[in-house]
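What TrEMBL says about this one:
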- 15-222: domain 'MARVEL' (DOMAIN)
- 21-42: transmembrane segment (TRANSMEM)
- 101-123: transmembrane segment (TRANSMEM)
- 135-156: transmembrane segment (TRANSMEM)
- 200-218: transmembrane segment (TRANSMEM)
- 241-285: region 'Disordered' (REGION)
- 244-263: compositional bias 'Low complexity' (COMPBIAS)
- 264-285: compositional bias 'Polar residues' (COMPBIAS)
Amino acid sequence: MDPVSQLASAGTFRVLKEPLAFLRALELLFAIFAFATCGGYSGGLRLSVDCVNKTESNLSIDIAFAYPFRLHQVTFEVPTCEGKERQKLTLIGDSSSSAEFFVTVAVFAFLYSLAATVVYIFFQNKYRENNRGPLIDFIVTVVFSFLWLVGSSAWAKGLSDVKVATDPKEVLLLMSACKQPSNKCMAVHSPVMSSLNTSVVFGFLNFILWAGNIWFVFKETGWHSSGQRYLSDPMEKHSSSYNQGGYNQDSYGSSSGYSQQASLGPSSDEFGQQPTGPTSFTNQI
């Protein structure tokens with residue numbers, strides 16, 4: 001039997017059924033989708049400029065762009081409809097900082113999720129030893145939750161800027177030929193942004209996963225167990241003092257009853273004895 005089968009038969013992978021490891025596996029998967037849909041994107045648009053002089057027209061102007069979306073470096077040439085002169089233009093904007101930050105967070109989140117999942121499965125005893133592993137895991141989870149929120153928000157704004165900069169209507173406004181009513185300018189093909197929209201969705205889903213996993217990681221730390229002990233100790237002290245008070249009350253009640261019986265006994269005996277006065281008088285007679 002191979003080692004993987006032995007581990008599976010021994011129940012090592014049962015830890016993946018627990019919320020902590022299960023969420024880590026989901027984080028790993030969602031991080032792959034996040035950086036793949038953003039970092040692997042490439043798209044473009046196509047425009048046409050129909051001049052009055054047909055020989056000067058260009059009905060297929062292709063403009064390609066891709067990650068990391070440094071649009072100000074994307075150049076293209078368009079006709080001016082004034083002879084064979086060409087106009088060299090560039091797109092407007094630079095969303096590389098937000099896109100690269102988002103992909104960087106996704107890559108490091110993937111690597112950490114992979115390492116944490118391996119530790120959960122194969123080194124669970126060492127993970128819980130001296131409480132160091134859960135504490136580090138808790139701190140890293142909080143940090144990545146914050147990074148996912150910031151990165152996803154920044155990339156959502158960056159994607160909005162990319163959509164505006166690559167809108168064919170906005171690009172046509174940059175062409176001098178299109179400012180003349182006699183020339184006809186139109187968009188042939190618009191860029192497809194569905195994968196970029198998906199990357200933003202996966203970014204916020206990763207934030208939800210990491211933020212929700214904070215509680216399950218916190219339960220593994222000593223802070224959670226010490227807090228439970230702190231709450232349980234006053235309850236135990238209260239219950240013990242209550243029981244002690246009840247015991248004293250019972251014992252007091254029993255002793256008082258016994259004392260009452262003891263005090264009543266002699267009085268009843270004395271009441272039952274005959275007086276000695278008349279007897280002594282008869283004897284004298």
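Note that the numbers count up from 1, one per residue, in the order the chain is shown.
Every residue, even glycine, has its Cβ placed from backbone N, Cα and C.
Just so it is clear, the model here is predicted, and its values are computed rather than measured.
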Pairs of Cβ atoms less than 8 Å apart decide it: which stretch in 21-42, 101-123, 200-218 has the most with the transmembrane segment (135-156)?
200-218
Residues of the parent chain within Cβ reach of the transmembrane segment (101-123), under 8 Å, 6 or more residues beyond its termini:
7, 12-13, 15-16, 20-21, 24-25, 27-28, 31-32, 34-35, 38-39, 67-68, 133, 137, 140, 144, 147-148, 151-152, 154-155, 158, 199, 203, 206, 210
